[in-house]
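Enquirer: Pulled from Swiss-Prot, these are the listed features:
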DOMAIN    4-36  domain 'LisH'
DOMAIN    34-92  domain 'CTLH'
REPEAT    410-449  repeat 'WD 2'
REPEAT    499-540  repeat 'WD 4'
REPEAT    590-629  repeat 'WD 6'
REPEAT    634-673  repeat 'WD 7'
REPEAT    771-810  repeat 'WD 8'
REPEAT    921-960  repeat 'WD 11'
REPEAT    1014-1053  repeat 'WD 12'
COMPBIAS  1112-1133  compositional bias 'Polar residues'
Amino acid sequence: MSSLSRELVFLILQFLDEEKFKETVHKLEQESGFYFNMKYFEDEVINGNWDEVERYLGGFTKVDDNRYSMKIFFEIRKQKYLEALDKHDRSKAVEILVKDLKVFASFNEELFKEITQLLTLENFRENEQLSKYGDTKSARAIMLVELKKLIEANPLFRDKLQFPNLKSSRLRTLINQSLNWQHQLCKNPRPNPDIKTLFVDHSCGQPNGARAPSPANNPLLGSIPKPGGFPPLGAHAPFQPAPTPVPPLAGWMSNPPAVTHPAVSGGAIGFGTPTNPAAILKHPRTPTTANPSMDYPSGDSDHVSKRTRPVGMSEEVNLPVNMLPVTYPQSHSYPQDDFHKNVARTLSQGSTPMSMDFHPVQQTLLLVGTNVGDIGLWDVGTKERLVLRNFKVWDLTKCSMALQASLVKDPTVSVNRIIWSPDGTLFGVAYSRHIVQIYSYHGGDDIRQHLEIDAHVGGVNDIAFAHPNKQLCIITCGDDKTIKVWEATSGAKQFTFEGHEAPVYSVCPHYKENIQFIFSTALDGKIKAWLYDNLGSRVDYDAPGHWCTTMAYSADGSRLFSCGTSKDGESHLVEWNESEGAVKRTYQGFRKRSMGVVQFDTTRNRFLAAGDEFLIKIWDMDNTSLLTTIDADGGLPASPRVRFNKEGTLLAVSTHENGIKILANADGVRLLRTLENRSFDASRSASETVTKPLMNPLTAAAAAAASAAAAGTSSGNAAPPAITALNGDSRSLVDVKPRIADEPLDKSKVWKLMEITESSQCRSLKLTDNMRTSKISRLIYTNSGVAILALASNAVHLLWKWPRNDRNSSGKATASVSPQLWQPPSGILMTNDITDNPEEAVHCFALSKNDSYVMSASGGKISLFNMMTFKTMTTFMPPPPAATFLAFHPQDNNIIAIGMDDSTIQIYNVRIDEVKSKLRGHSKKITGLAFSNVLNVLVSSGADAQICVWSTDGWDKLKSRMLQIPSSRPSSIILDTRVQFHQDQLHFLVVHETQIAIYETTKLEPVKQWPVRENSSPITHAMFSCDSQLIYASFLDATVCIFNASSLRLQCRILPASYLPQNISSNVYPVVVAAHPSEANQFALGLTDGGVYVLEPLESERKWGNPPPAENGSTSALSTPPNGASSSDQPER
């Protein structure tokens, strides 16, 4: 059925609903299969109308269509069966078993037998799994929750759960428009025509009473243009008997998929590549939030898109991690925590902010560009301005004569746009005069000149970063009506796109279906789309307002929005239907005459924000009505600039008095409070050591390989690192003489290593268990932080859960409250498939993001366990080879990287039970795997002391290197090499018995190392704290050392006597460390005797000592000690 015919069905459905033909409405829904009315379905389930439930479902899916459908029908029929048993209607139960449930026996015979055995019980609740079954009403409600999840995940229901957003009585409106048009064609139109029928075209009667000719032979109608010549009615094209010419890009483009891809723009990848790359945006399956139970006139978004999954593996195990939650767009009862009502910071920039952008990884770093050409870098957590640079041309001799003349005539320059690169190692500034300047960022206040490009004649109106052909590029547009693409390392120009007839105002690069493209808007309101070739524009559409318009995608890359203001001050915020190049939704609530160009931003795939009428206005993406307004305690300009940080916890807003207000939601407030505490600790430490405030040198090494410049562009030499004094003054180190050596130190204030030697100096808790436990091989906190999971060397899993009570209101893990060793009522243990000698097997596991499942192995098959029931869901991959390490892909939990004992890494797709790739590069077993979702790489480590970096796009090996291991040190015990990514996703931790090191991923070079002294105890394990500020390391002598992660200097040492009982054997030591996912100063240890301990600092201390002072007063570059050397603070152990 054509798209227009489908839309006609929706119009009829709306009409029937308005006319109260309720049964007919649902019959048409079922027969057409276009719209699944979740509200109706819910009502029928709650009322137990099982025949109607299955009849209605039958219009959309059948039992054997896919595994989702099978599970839906199974749950319904199982509930019907249980209700018959509950009523002691055995004959009805047998009938249901034979007619309805037997079809599932071929798929799971054991389950069918178990269901059949319920007939033998007097009360089916005697079955352990059904012991908590309540009354019929509550059981139906619980089942309904599961059914809704299955329906939302089922691809057959995609695009069928959301009713289009139609104005009321849309069909009547279209008929009236048609009648009006017909009336205009009458030869003798009457002032008040009498419409008696819709069965034939309207025509006013002849004055002499003669009959009007029929439409078929009416010469007037034959001579008028076809409907295609008339303006479209509403947002849809008119009904046409013949197909209209397809635009060059087939609408906008075609077939974007439903799964998000970790590309520059957060765009989407799919299951295949379209045959026509120029057709990438047509018929999108947009994974937006949706309301499954709304009435007809109000629904308007495409539905959440999810992958299929095998029966028995419900929830999130094999669903994409970035799947969106279902929300209810018609309900405005959002938690107040969602909104940025709190003014958390007020920053004084000194000139009017024109553009702002938060760092993509460090959530509190804010770039600001102003109307006088200044650029500033703020840490809004500490309220400190790290950098202030005034505009100047780096090399005037390399600039065009036009620019030189322009600057001589009028030296004033404004920043039009400032923006970070996707990984935060570069940022670009577009100025109102010809120039684009690119800086590299090395952490803290260290920014360096990278590229200066004389990009456009006139102003450079916008700048963006993109990754065409896996190469970082810079995209600019300007007053000269062109868009240009530059290579980000050398500044070489790659493309110039011409075709606009007015200055180009903005660019919006995006990625879909392996196709990179760019949207551009010009001051005449034209929107064009470009591929990275020389074939010209693929799209030519008009933006609402026909003037200054910017475009942006939602964070997941699935929905396209634009915001523009006309010359008359009329503002338009709209969502686009990419398949048709038409406006899908227009948001209401703007002032009729905006006093400036309205700016906007999106956050969390859920909200839109725009600055208008001295306010910040907020919309739900799925509702055109204004959701709320925020005045930020006043002081805002008429059209304030707005910018969210990546996580959506902070919102930067420009103020009237050359300042910026930082608004925070509840999560943002907590983030800033955490940083305030850390800032206070750091400043106290700084005053005690008489040194300047520390910056994070780990992040300083985050710059990508982008330091060289090519001919034709100006690439500035690295400037001396800047420091920021406490008064915010930004100066070069050249201008500041070090005073530390000249000032006498107060010895009582010199920094001192924190040593914990007895139990009274910290909080420690041994987790009790009632079974004889073997060595703890693996240990992890659940992602929620409320439990600890351990895997012992006897292949048994242990799960401790903390209670929520008066002593522990959060319910999270703590050393102050004892948890319970949790077991299901059945007494079943999660036990891995084992070999003949499990004690010598390699044990490994990986936990799903929602803590519902654990994938685990102990030398035998890999097992998938349900964490709620401890039930084994499936087993796969029998040895040999045996799995030695497991890691879920960060974008798709269907994909698992499995390290093997034969030195290979297998990329396994759970959903289709297939090995997609086999990576070869190591010579011994794999001992560590870690993904970076920023760099799109997998880092592996092996027993061969080799580290490899693999691209997750094509699974090619990018780099490899051997660890630097002192040749003079024999290996005392065989220990793994482990890897773990830093929070910035750019660096990773390497742990070996001889050393701890931090590597920069793209260059695969160590930026910091801490080698173990000769004849000292080897390292057994180490791990970052949840905020990557600390590293917890355990040693063979049971000592635990806590390092400052930015400097790899020892900050605290915990001796065994402080947490182990006195009578314990000297052979007992920690073999694994786990860090709490949200409490940075809490960690757990798994010991050789099977003990698990949780450690925290005293409540009076709150932390494990103070950070050590920076070496030699330096705060920037990370140094690497020579091979085998010891750091200056190396303790005697």
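Heads up, the Cβ atoms here are built off N, Cα and C, so glycines get one too.
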Enquirer: So which residues does the repeat 'WD 11' (921-960) touch in its own chain, when a touch means Cβ under 8 Å and the partner is 6 or more beyond its ends?
Expert: 262, 360-361, 422-423, 470, 842, 884-887, 889-891, 897, 899-905, 907, 974, 976-981, 984-986, 988, 990, 992, 999, 1001-1002, 1004
Enquirer: Which residues of the same chain, at least 6 past either end of the repeat 'WD 8' (771-810), have a Cβ under 8 Å from a Cβ in it?
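Expert: Residues packing against the repeat 'WD 8' (771-810) from afar: 816-817, 819-822, 829-834, 838-839, 841, 843-845, 847, 849-851, 854, 856, 858-860, 865, 867, 870, 1071-1079, 1084-1092, 1094.
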Enquirer: What does DSSP give as the helix, strand and coil breakdown of the repeat 'WD 8' (771-810)?
Expert: 0 helix, 20 strand, 20 coil
Enquirer: List the helix, strand and coil residue totals of the domain 'CTLH' (34-92) as derived from DSSP.
Expert: 40 helix, 0 strand, 19 coil
Enquirer: Averaged over the repeat 'WD 11' (921-960), what pLDDT does the predicted model reach?
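Expert: Summarising the repeat 'WD 11' (921-960) by its mean pLDDT gives 94.
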